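A.B. asks: Sequence annotations record features per position, and here TrEMBL assigns compositional bias 'Basic and acidic residues' to 16-25, 42-58. Annotated domain 'Major facilitator superfamily (MFS) profile' per TrEMBL: 92-661, in sequence order. Annotated region 'Disordered' per TrEMBL: 1-72, in sequence order. Per TrEMBL, the feature transmembrane segment maps to 90-117, 129-146, 158-176, 182-204, 216-239, 259-278, 371-390, 520-543, 555-575, 581-601, 608-628, 634-655.
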Amino acid sequence: RGDGYGYQTDYPPQDEDARSDATEGHDEDDQMYEGEYQGIPHPDEIKAAQRAARAEARKKARSAGEEEEEQLPEQYENIMEDCGHGRFQWTLFVVLGLALMADGVECFVVGFVLPSAEKDMCLSNADKGMLGLIVFVGMMMGAFVWGGLADKLGRRQCLIYALAINCIFAFLSSFAQGYGFFIFFRLCSGIGIGGSVPIVYTYFSEFLQMDKRGEHLSWLCMFWMFGGLYASFVAWGIIPHYGWGFSIGTEFQFHSWRVFVLVAFLPALAALIGLFFMPESPRYLLEVCRHDEAWMILRQVHDTNWKAKGEPERVFTVSQLKMPQENQEDEFIEIQSETGTAFQRFMVRQVTLVKQVMKNMMSLAGPTMRLNGLFLAIIWFTLAFSYYGLSVWFPDMVKYMQFEEYESKTKVFHREKVERFHFNFTLANQVHKEGEYIHDRFADMEIKSVKFEDSLFENCYFEDVRSTETFFENCTIKNTVFYNTDLWQEKFIDCRMENTTFLHPKKGCHLNFEEENDVLIYMVSFLGSLAVLPGNIISALFMDKMGRIKMIGGSMLVSAGCTFFLFVCFSPGAVITFQCLFYAASSAAWNGIEVITVELYPANKRATAFGVLNGICKLAAIISTFIFSKFVGITRIIPIILSFAALVCGGLLAMKLPETREAILQ
């Protein structure tokens, strides 16, 4: 095999007399770069100096017998420097940002619809818990699968497949009437969107030169924040509006929370459409020996950027591309494809593909990558454990504090006797003990958080009564009629019924969009997402100046300090304030760990490694959300100590990773 792959460019070398009109009349020696007046070096001079330094390093390596010639990674870096950073990268930035935004939206969807879905589909506490976790289960599976496939089938192709699956099943879930179908569709939707994070960062990094990589990957992270803002804002605007829906008979109901689910997948749909206009990563194409396609895409990037900068005469001068050190062609597939039926050839390809993906995953435990991979896995796990655990704990703690405050204002009535009275107003937050209600009428009213204990209802009439958290315990009910109410068996605990009639009862669960806490849920999520903005900006501006290691370690240690302030939070406002501080501090660590992950692994293992680590991240999210939710209302000590310990451990371990800000993508 030769050392490179040659090309006949469309631009023949120009003679002195064949220069374009654009350069006629100009003496190149007399032209002066505008920044020279201030002593600022020309960007081309900076690039030339960087290349000279790398060439000198190679010369020293050759003299020591360590390296024979320039390899593909260095050539690719030089090509990306020649292509520049411009219109092409910014277009790809927006498209991939929408895919990352879709991942952010997916993390919030179930949390927002759960209060409404649990009543619409009559979910038990166990069902609610499973629905909350199933999205992370799907995203974990998707990260492993799509990350591995992206190194074998291509970044763009796998991202299209992943987003298409997410869009299809998110759309179907909005129409699913039963719990079984809804949870299955959300699982499949999660599997689809699970591929977005590992592929997006891998894909985008391979179009960036070294000195732009840290900054622009950090800017890309902001789209995850936009996903949270979008989900919070849209949920706030749609879900409380009960009238934004329709029904077909009694079997098919499409309430406003389903409209929100439908709107939530629009970022994924926009990203999917945009990807059809984007090319495959040329770095991947070179790894699988598709040199012609890679060369054409690199030329497209070059011409697009320089044309947009007003220099269309710049020529793409690369005529020979280096070969990868490891040939990714699979001869086994080619041999088998010539024999057997179409189905047999298909099965051979799929089985071989699975074997290749598994082999690539196993190679991550090789001696050269094992230690750094272990450190990265621990850092991903500890950061996700504390972040997602507290993300569940914060809003639940706010709701619990509000519930405690609401419960402290409960009015208690002892041995009241009410006869021939017409109740047509709301009863809320009350306890009635040993009361007697004779010939009373309860009509067209709402009963919220009311409990009747050891009371007597005789010759009473209930009509068009709506109830929330209302129970009758150890009561005696005689000669009473319940007409068109939702007071049914589960509302009566150890009660004695004598000649009691239930007419046209509203069985099952019913939506209530007037709960006061609903708006607060959206507000907490909106502020939490917005708080990430300062951390994203700081990390983008200083990622290449401070380095990845200091950014990750410092951010995690500052976040650990923020968790200790939660011990002195005794009001919802204080919890929300320190939630925002924690999110702002931890966002830089997320940006840093995502940047260093793509830089530590070679091209043929980059998406696979990112997928495995992101899958570990989602596993940590599943574990922490389950644990932290159990301690709401019991103790705050354990969640805080667990978060603090995880962040300190991950932050200190990050200092052991190699710095990659001046490393060429391998």
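Cβ coordinates are placed from backbone N, Cα and C, and glycine is handled just like the others.
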A.B. asks: Quickly jot the same-chain residues contacting the transmembrane segment (520-543) by Cβ under 8 Å, restricted to those at least six beyond its ends, or write none.
C.D. replies: 104, 108, 111-112, 115, 214-219, 221-222, 224-225, 227-229, 231-233, 235-236, 391, 394-395, 398-399, 402, 551, 555, 572, 576, 579-581, 583-588, 591-592, 595, 661
A.B. asks: Would the transmembrane segment (581-601) and the transmembrane segment (371-390) count as touching if the test is at least 3 Cβ pairs under 8 Å, pairs 6 or more apart?
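C.D. replies: Yes; at least 3 Cβ pairs under 8 Å.
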A.B. asks: Among the recorded stretches 90-117, 129-146, 259-278, 555-575, 608-628, which has the greatest number of Cβ pairs closer than 8 Å to the transmembrane segment (158-176)?
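C.D. replies: Counting Cβ pairs under 8 Å, the winner is 259-278.
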A.B. asks: Between the transmembrane segment (90-117) and the transmembrane segment (555-575), are there three or more C-beta pairs closer than 8 Å, counting only pairs 6 or more apart along the chain?
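C.D. replies: These two segments do not touch.
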A.B. asks: Could you check if the transmembrane segment (608-628) is in contact with the transmembrane segment (129-146), meaning 3+ Cβ pairs under 8 Å among residue pairs at least 6 apart in sequence?
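C.D. replies: Answer yes, regions in contact.
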A.B. asks: In the same chain, who gets a Cβ under 8 Å from the transmembrane segment (259-278) while lying at least 6 residues past its ends?
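C.D. replies: Beyond its ends, the transmembrane segment (259-278) has Cβ neighbours at 91-92, 94-96, 98-99, 101-102, 105-106, 109, 112-113, 156, 159-160, 163-164, 166-167, 170-171, 173-174, 189, 193, 227, 230-231, 234-235, 238-239, 244-245.
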A.B. asks: Hey, which of 129-146, 371-390, 555-575 has the most Cβ-Cβ pairs under 8 Å against the transmembrane segment (182-204)?
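C.D. replies: When the Cβ pairs under 8 Å are tallied, 129-146 comes out ahead.
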A.B. asks: Can you give the mean pLDDT for the domain 'Major facilitator superfamily (MFS) profile' (92-661), rounded to a whole number?
C.D. replies: 82
